[in-house]
Structures are given as structure tokens and as C-alpha cells.
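Noted in TrEMBL for the protein shown:
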- Asp26, Asn28, Asp132, His133: Mg(2+) binding site (BINDING)
- 205-231: compositional bias 'Polar residues' (COMPBIAS)
- 293-342: domain 'GRF-type' (DOMAIN)
- 198-243: region 'Disordered' (REGION)
- Asn28: site 'Transition state stabilizer' (SITE)
- Asp106: site 'Important for catalytic activity' (SITE)
- His133: site 'Interaction with DNA substrate' (SITE)
Amino acid sequence: MRFYRLLQIRAEALLAAGSHVIILGDLNTAHQPIDHWDAANLECFEEDPGRKWMDDLLSNLGCEAGSHVGPFVDSYRCFHPKREGAFTCWSVITGARHLNYGSRLDYVLGDRTLVIDTFQASFLLPEVMGSDHCPVGAILSVSSVPAKQCPPLCTRFLPEFAGTQLKILRFLVPLEQDPVLEKSVHSIQKALSCKNKVRVRSTRSRPTQADSSRGQKNLKSYFQPSSSHPQASPDLELPSLPGALVTPKTLEEEMMDKVVEEQTKASEAKDEKEVQTSFWKSMLGGPLPTPLCGGHKEPCVMRTVKKPGPNLGRHFYMCARPQGPPTDPSSRCNFFLWSRPS
């Protein structure tokens, strides 16, 4: 309300000085019941202080000479006095824009003489997305008049904008250091650099004469046989059993044995994984199915309580449809269910 009063004092002062005034933007108040989606209780609706202020500021609907009350005119209602559903703001959380369940909070207000003489149209652009508000505008029949100098109320004359435009180099100031401090920092950095060089040199091992004589190692020399599985020495002979004939396996037979062994291991691992999966499935039932709302029998959506109180942070289920008029069957129903007991 303080903002409203200051805005009105400033606008009326400009009018008294002989200027025309346009107030454009979000006033955050729905003026009349036709500008709000839910104005069932008219008595409480009209008692709002913001609406009372707008009643005193604005003229009656229409542009007739006998309807003057306030110094300003709502240009949209001047051209569209009875149009319903002309909203400019919707709740993003409830998805109310899909069903045009909103309010008209954005205005193009002009002084009465200016609106009657120069305004040709006033419009809303609800199809333009990007915010919880939509753009509003008006068309005026005016011509540009050149001026020799800027108006006294131009923004460039305000104290905060009176200086020249700042460049980015103005924000990059070179740091001035004490010569003694700078010298000490340089000596510390030099000492650390020498220390690191000594450390690197000490960690390097010089190659011995034996290593240099061996030459470059083969890649296979890095793969040593495991100590747990000692290989048989080629010099040892297999014990011969009476009546037994040992025949060496061919390469194909060895490959077949390896394939069979790998398939056996894979099958055992798969069986073990299936056993573990069935065990955990029997222990953990998984998340509960999403409940269905009572009005549409559709899956609900989970929300979190953000209002301070004993239920802060609790989860609950509600209808997933967007908010809309209660008489619209396609709008959200009143289903509510806590996700877990308190």
C-alpha cells in the first residue's frame, strides 16, 4: 500500500505539471471480479485494500464523458469492458495456465485525456510463454516530436546514472604489493623450486651396468606365472603307469576344453545371480504403486509440504491434472492422500 500511495502521488504530480502519464506493468491486484478466476465472495473481494485503491485511481468502465471518477483509465477495460477470461497471470506450480485459471494483474493505465485522444487498442498476449505472466500492450496514434534537449525527467539525469558509462577495465584494478613482501614471496618460491628439483633428482635411480647389458626387455617378461599354480618343469618326466598309454592332447581338444570350462563357469555365475535376485526380490517388495485419484481414476502426483509446521517435509499424493475452475470436469479434483503415516 505504501508503494501504491507513492505511485499515485508521483503520477498526479506529473499530471499537475501538464504531462501525460502511462502506468504500465504488474500492479499485483485484480481490480474487479471479472479479472479474477475465483471471486465468489464479492463482499470480501471488494474489501481488499488494493482494489479500493484502484477504484479511487481509475475511472469507470467505458470512455464516456460522464463516467469519470479517477484520473486514470484502464485501457483494456475501456476497449473490452465485458470480456471474461482475460487473464495475465497463472500459477506455474498447479499448471493453471492450461485451463486459463488465473488473474489479470498487468495493466496499461493512461490518463483520461491521453486514452480518449490517442489510444486505438489495448491487448493481451496469453500465447506468449516464458513466465507466469504474459505481455500486455496498447496501440497509440502519436507522432514523434524532435526535441532540442532531453526532458528534465530523463533517466540520464538521475544521480546514479549521471556519470559516463563504465568499462570493464574500471573493475580490473592492478594489485599493489609491498616491495618487502614481494621480495620475500619471490625468495620462498625460488627455495621451493630448488627443493623440488633436488627431490626429483633423488628419486630417479640410475641404471646399473647389468641392466644396461640386458638391453630392452620383452613385453612377455612382465607377465610372470602365478606362485599358487607352479608349472611343471620341462625336464621332468611323467610317471609311467603299467598298462596305461598317455597321449598328448591336440590343440583343438585343448580349445574345446577351454570353451566347455568357460561355458560352465558362465552358467554357474548366471545361476548364482538368479538366486541372489530372487532372494532380494522376496525381501524387498519395491516401491508401492502410485494411487489413483478419486475423481478421474488416474495416477496421482507426489508433492512435498513446504509450509512451516508439523507436516513440513512430508510427502502426499494429489490429482495430477492442472488446476482449473471447480465446474470444469477436466480440472484437478480434490483427492489428497499422505504417502506414509505421521
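Any Cβ shown, glycine's included, is placed from N, Cα and C.
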Number of Cβ atoms other than its own within 10 Å, given for Asp132 (Mg(2+) binding site): 14
Position of peak Cβ density within 10 Å, selected from the recorded positions Asp26, Asp106: Asp106
Chain-internal residues, separated by at least six, CB under 8 A from Asn28 (Mg(2+) binding site): Gly50, Leu105
Those residues of the chain, 6+ apart, with a Cβ under 8 Å from that of His133 (Mg(2+) binding site): Asp26, Thr88, Cys89, Leu105, Asp106
Mg(2+) site shell beyond Asp26, Asn28, Asp132, His133, criterion: Cβ within 8 Å of Cβ centroid: Thr88, Cys89, Leu105, Asp106, Ser131
